[in-house]
Amino acid sequence: MVDYHAANNQSAGGAQTYMEQENDWDRDLLLDPAWEKQQRKTFTAWCNSHLRKAGTQIENIEEDFRDGLKLMLLLEVISGERLPKPERGKMRVHKINNVNKALDFIASKGVKLVSIGAEEIVDGNAKMTLGMIWTIILRFAIQDISVEETSAKEGLLLWCQRKTAPYKNVNVQNFHISWKDGLAFNALIHRHRPDLIDYDSLRKDDPVTNLNNAFEVAEKHLDIPKMLDAEDIVNTARPDEKAIMTYVSSFYHAFSGAQKAETAANRICKVLAVNQENEQMMEDYEKLASDLLEWIRRTIPWLENRTQEKTVKDLQAKQEDFRDYRTVHKPPKVQEKCQLEISFNTLQTKLRLSNRPAFMPSEGRMVSDINTAWHTLEGAEKGYEEWILSEIRRLERLEHLAEKFHQKAAIHESWTDGKEAMLTQKDYETSTLSEVKALLRKHEAFESDLAAHQDRVEQIAAIAQELNELDYYDAASVNTRCQKICEQWDILGSLTHRRKESLERTEKQLESIDELYLEYAKRAAPFNNWMEGAMEDLQDMFIVHNIEEIQGLISAHEQFKSTLPEANKEREAIQAIQAEVQRIAQSNGIKLSSANPYTTITPQSIDSKWEKAMAMVPQRDNALQHELNKQNSNDSLRATFAAQANSVGAYIQAKMEEIGRISIEMNGTLEDQLTNLKEYQKTILSYMPEINKLEAHHQHIQEALIFDNQYTSYTMEHLRVGWEQLLTTIARTINEVENQILTRDAKGISQEQLYEYRASFNHFDKDHSGGLKAEEFKACLISLGYDVENDKQGDGEFNRIMGIVDPNSTGVVTFQAFIDFMSRETTDTDTADQVIASFKILAGDKNFITADELRRELPPDQAEYCIARMAPYAGPDGVPGALDYMSFSTALYGESDL
């Protein structure tokens, strides 16, 4: 006996596998002789399936291979190679030499033959002959099977498991028991040729029928000879593993073409899945952008509406609506805008990673268009807020002026009541000389009084004019009343002039007059007018906006009070004149009339008005003190708001600077940076209560109608914008790191490469702006070894690269674009040619493909996706319904239009 040990070209693992299989074979025959019967049938049928190609076959496996002739012929058929010329002699030595030539050929294929010698084969040793055939089957039928990095027996088992996984009652775990009920054989055939098997009609409890059905269909339609009898498998507790493996390997080779089609279909499915996901993201972006732009379009007209209200209360209702817009309606839209930018950046990154053309939103829906619309919205928002505040001031001024107008008009109308009748009477015609003189003096006093009231009339007219200029809603009634007062004033002036002329004509006839009455009248009239003016001032409404203004009013009031002692002396002097008149009349027995002929002002009316004026002084003190307290409270509100605003402003500024620093530093892995940024984002979001606290202070400021604040340079609008920018910046920075991780994982870029890219980028980013200008980028490329020097060829190469990293010609290269370019330069991606080659496999090497072929090879949703988008094939070799898969594949990568 001779041992044949050929050079083992396989791996150590492969050699060990063969040895284990050989040892298994030895033990199997010793344990169960029934397996030898199954092996004889299976191995004989397997050999005949190949020998019939050479026009021969065997009947008895241990007898027909004894002379070595058919053994050498079998090896030539299954290997496709020529063996040495056999010896045709009939002697034993000739037979041994022929068998040795066959064994040498097997050993030359890397098979280690142990304990199998030519003498045993020539002597018809069944055990050694079956072992030799099993070794041949392993080498030429099973060894080359490979499924997902597994080979031989493991690869064949994995292939069976994958193919039979969808079928009920089939669970392939081995090559013996799992095949005993025949369902696994039928499942393999049905998976590849569903037209040959009615799988649903098979029953697990009828294994003989199942096995015979599979064996007959395979022999008739798949050119797989029947290698086993159903009864041998069913009646054996554990069918022979090698016989089953040999049989199953015939199915594998019969369907190997379908395996290639499946691989091609998987590639197409992968490409189509990426395309469908990208299209969904594009649709989501378009919808979100349209909704946000529509909201902005509806909101701007509302913010630009300048319809004036009649009262402060009505305008404050508008202010409350605006506050709801700021705190309720706008914040979600800020989040939507931020999410829109993130989605757009993520989509562009995915398109670049999948070698797809960049996404161009429909007209008017670019991120820049949304930013422009948002800027317009914020401008309208700022203008609307300023308009509301100015309108509140205007209406407050109008209400104050209107009240002042009606107060002065009422006083004036009360004074003029009856004056026309007095000026038109002709009592002087029947009066005595003294009475006429009295009438004349009385008229002079009236003229003095009339002149004193001239200022009030002018004030009334001036207030009416200001109300008209400020567009007071009830200006018509004000104008009517003012016109009536002015016309009446002109009439009074004219009547006064005519009456004076009449009195002067009779003055020569009047000589007697009481100087005391005259002096009383002359002094009482201005004093009375002063008291009326003082009471008017004490009742005058006031509106102030700060402590300085109220302190000015208090100072003026104190100055007024300092004049009261002198005024009281004047009042006592006037009363003394009247007392002197009474004393003289009593001493001379003169009968006085019931009233002073020169004036209607009585001592009682002077005292009464004086008492009223003195009662108004403390009331004025209280009103001014109340306003002072209010202004002190407002000043406290200013200081509280300013303290919080200064704190928030400093916080926002510090965080913005920190984010800018973080974005250009390289601390830890990208995942560490992402985790730190998200924790940093949580820290920023935890500051939101401070923003809300500031909003509460600002609301108190607005409710108190405070329009200025000398304690801080920050406004609520400025801080709101800063806070929104801070949230948007941290979200955008996180998105950039996520896109870098996505790029790294998709392109297989190592962490060290990313650090190298970031270091190079930061080195040439001198101003730390996060982007490289064209010259900076060129210097960076030169440092990385690119030939972009300042010559014709270098300029052309640089312009090509700039077209890739800066397609919109902004003049600035971002870090993300830089990473995309470097990853594209160092990694490989799917191409249109690869997809075309995959479709060609599915189409059976045709230049077109049919809908039925797509539905058979691809999942239903992706098959329909292709059918809906593929153009009809226009080539001369086309058939009805032929589809052009080439133009479809190039369109996926932006090389043509769908």
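Using N, Cα and C of the backbone, Cβ positions are placed for all residues, glycine too.
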Correct range for coiled coil (source TrEMBL, candidates 156-190, 261-295, 436-470): 436-470
Any idea what the model's mean pLDDT is for the domain 'EF-hand' (793-828)? 78
Do any residues, 6 or more residues outside the coiled coil (436-470), come within under 8 Å Cβ-to-Cβ of it, and if so which ones? 394, 397-398, 401-402, 404-405, 408-409, 411-412, 415, 422, 427-428, 478-479, 482, 485-486, 489, 492-493, 496, 499-500, 503-504, 506-507, 509-514, 517-518, 521-522, 525-526, 529, 597-599
Grouping DSSP H, G, I as helix and E, B as strand, the residues of the domain 'Calponin-homology (CH)' (150-256) number 64 helix, 2 strand, 41 coil
